[in-house]
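> Mind having a look at this structure? Questions to follow.
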Amino acid sequence: MLKQRTIKSLVKTVGIGLHSGRKVTLTLRPAPADTGIVFTRVDLPEAVEIPVAASAIGDTRLASVLQKDGARVSTVEHLMSACAGLGIDNLYVDVDAEEIPIMDGSAASFVFLLQSAGIEEQNALKTFIRVKKAVEVREGDKLARLEPFFGFKLSFTIDFRHPAVDKTGQTFSIDFADTSYVREIARARTFGFAHEVEALREMGLARGGSLDNAIVLDEHRMLNNEELRYGDEFVRHKILDAIGDLYVVGHPLIGAYVANKSGHGLNNQLLRALLADQEAYELVTFDRVEEAPVAFLPQAQPAFA
């Protein structure tokens, strides 16, 4: 059977909050079967636990933000993307600030952290959400859609009129039946424009942003000395974000995701639209491994995992 997964041992790291610029300590702990992924603000007078759920996402202007009882945990999408890519179902995430550390701006540090803790299967069936009919949300020319598909694949189109982005691919598709998340997606860094960073800093945000944790572009070129990690790193990062945004639904999705210029807000609207239509999805488990989509098979786990 396809089993749930958690990590074998506690693991901890320290990083910088993208917006606060402050030091953040992140601790990942094993969680029992059927726990899900639970974020806890351990710095508050009374710790607040926030289980991931589509309905728990509040602010989505700059990142995906979990909210509960006035407590917030921001910028969860890169860690959630790593959890999805490695097939982690159950995890306690303790953080002593209101945002997850940005690390290098990709999911690679979180993949390394989870792998260094060790990943173990649990004696419980992994539950999937299978998309049964197409669900779509739009905002102007922005679009996000989920379609029935026996596996997990994504296609994303961006539209940034910028010389450095134009030289790379603006559309990227990936099917995890035959492609590795760790190799092809995890290392893609977040990116932004210098004038936007300055505007955010004037608002007291992006204080931790730097060339060490983002690709930064001026009007004509990339300011980083380091070359792109992928020829089309910009759109691959949007795929990375989408994987993390979708995983807050609480289970891996069996389906196809298609997006044009989507972002955290539209991705969350898509999940809510899916869950609002009981005919659009079903919960499934697989007693026999060979009945499951190839993307989620144990031998493929170094692939989508």
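Glycine residues also receive a Cβ, built from the backbone N, Cα and C atoms like all the rest.
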> Do you know which of His19, His78 Swiss-Prot groups with His237, Asp241 in the Zn(2+) site?
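Checking His19, His78 against Swiss-Prot: the Zn(2+) site match is His78.
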> Would you mind checking how many other C-beta atoms are within 10 angstroms of the C-beta on His237 (Zn(2+) binding site)?
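Result for His237 (Zn(2+) binding site): 28 neighbouring Cβ atoms inside 10 Å.
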> Using all protein chains shown, find which of the recorded positions His78, His264 scores highest when you count other CB atoms within 10 A of its CB.
His78
> Report, as a single number, how many Cβ atoms besides its own are within 10 Å of the Cβ of Asp241 (Zn(2+) binding site).
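Asp241 (Zn(2+) binding site): 24 neighbouring Cβ atoms within 10 Å.
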> In the same chain, which residues outside the set His78, His237, Asp241 have their CB within 8 A of the centroid of the CB atoms that define the Zn(2+) site?
Glu77, Ser81, Ser106, Ala107, Ala188, Thr190, Lys238, Ile239, Leu240, Gly244
> Roughly how many angstrom lie between the C-alpha atoms of His78 (Zn(2+) binding site) and His264 (active site, proton donor)?
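It is 12 Å, counting Cα to Cα.
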